[in-house]
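Listed in TrEMBL:
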type	residues	note
DOMAIN	37-265	domain 'Radical SAM core'
BINDING	C51, C55, C58	[4Fe-4S] cluster binding site
BINDING	F57, E162	S-adenosyl-L-methionine binding site
BINDING	S126, S273, S295	(3R)-3-methyl-D-ornithine binding site
Amino acid sequence: MSLSPKEGLDLLCNGDVLALGKQADEVRRSLHPDNTVTFIVDRNINYSNVCVSECKFCAFYRRKGEKGQYLLSNDVILKKIDETISAGGTQVMIQGGLHPDLDFQYYLDMLNLIKKKYRITIHSFSPAEVIHMAKKANLSILDTLKELKKAGLDSLPGGGAEILVDEVRQRVSPKKISAGEWLEVMEIAHGIGLESTATMVIGMGETLEQRIEHMEKVRQLQKRTGGFRAFITWTFQPGNTELGGKKVTAWDYLKTLAVTRIYLDNIKHIQGSWVTQGQNIGQLTLAFGADDLGSIMLEENVVRAAGTSYQMSIDKMVNIIRDAGKVAAQRDTQYNIIRKFE
Ligand code: SF4
């Protein structure tokens, strides 16, 4: 039976970290009994860092006209996709700032161009970007998503969820979409067959109650749509940000990760994050409920802008998984296994 929010909070507040890991691993084993741990080979392509949202936790964005701002040309984007395919990649995650001058056609043309040239999954545009596009185009969220899908969008990443509680969002990103808007975009996307992931970012001064409130909102939406493929917890990287502060401890991260596995019993995959935690803690996530280690990420810019940079390769990933006593497998965006490393 699913945990109530009160029971979830009790685990988060009072649970012993090792006991939580064991309990989460049991849930993981019941969902994934074959001991396989998956990863994907993809590339993040950040078409522009110009953003009007100015989130206080973000080290990536630049204001329009500010030094360091950029907008990638289509040629550069296509070259990056070419390199991704040559390296065995199957997915691109295209995301960028909320650029004040790009109109909706820019995104549609980009998708059309990519799909015309390449067979690659386009897992792109977070809800904040979708709402930004809808406003620019004067379209409903539904029509915006339908147009994006028609142009080649395959699925949505779960970015921009941070903590789905407006009190937190008002403090750390007052200009960004509300919790309700994030959930609304996901619900509409799932309704037209655009599945997605969901994320949570911890460490921005939220309470443990607010972390559970976030999980509860995602679980409730999943009950209605079934469209979330995976849940990913990230830790806030304070370097070079206006918000600043300290990083959450690895213990706090692992404990929260374990509770997400136990609490979100209707979401199949839980992803461990080596990107924010490094490979040692990334490997430990496999004992705390994670069944997937996300992407090799041939390119990543957002976490790196905050001063955190870990490198990963297919060989390294396979070794991390093997050394944890599991079988490594490369997957696609839909979690189909492409190849096993036995
Ligand atoms: S997190 Fe996204 S929306 Fe917020 S400032 Fe950074 S790029 Fe813009």
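Using the three backbone atoms N, Cα and C, a Cβ is placed for every residue, glycine included.
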Environment of C51, C55, C58, the listed [4Fe-4S] cluster site - residues of the same chain whose CB lies within 8 A of the CB centroid: S53, E54, F57, F60, Y61, G97, S173, K176
Separation of alpha carbons, C55 ([4Fe-4S] cluster binding site) and S126 ((3R)-3-methyl-D-ornithine binding site) (Å): 15
For the domain 'Radical SAM core' (37-265), the mean pLDDT of the predicted model: 97
E162 (S-adenosyl-L-methionine binding site) and C58 ([4Fe-4S] cluster binding site), Cα-Cα, nearest whole angstrom: 11
C-beta crowding around S295 ((3R)-3-methyl-D-ornithine binding site), within 10 angstroms: 22
Candidates E162, S273, S295 (binding-site residues) - the one closest to C55 ([4Fe-4S] cluster binding site) by CA: E162
Cα-nearest neighbour of S295 ((3R)-3-methyl-D-ornithine binding site) within the listed binding-site residues, C51, F57, E162: E162
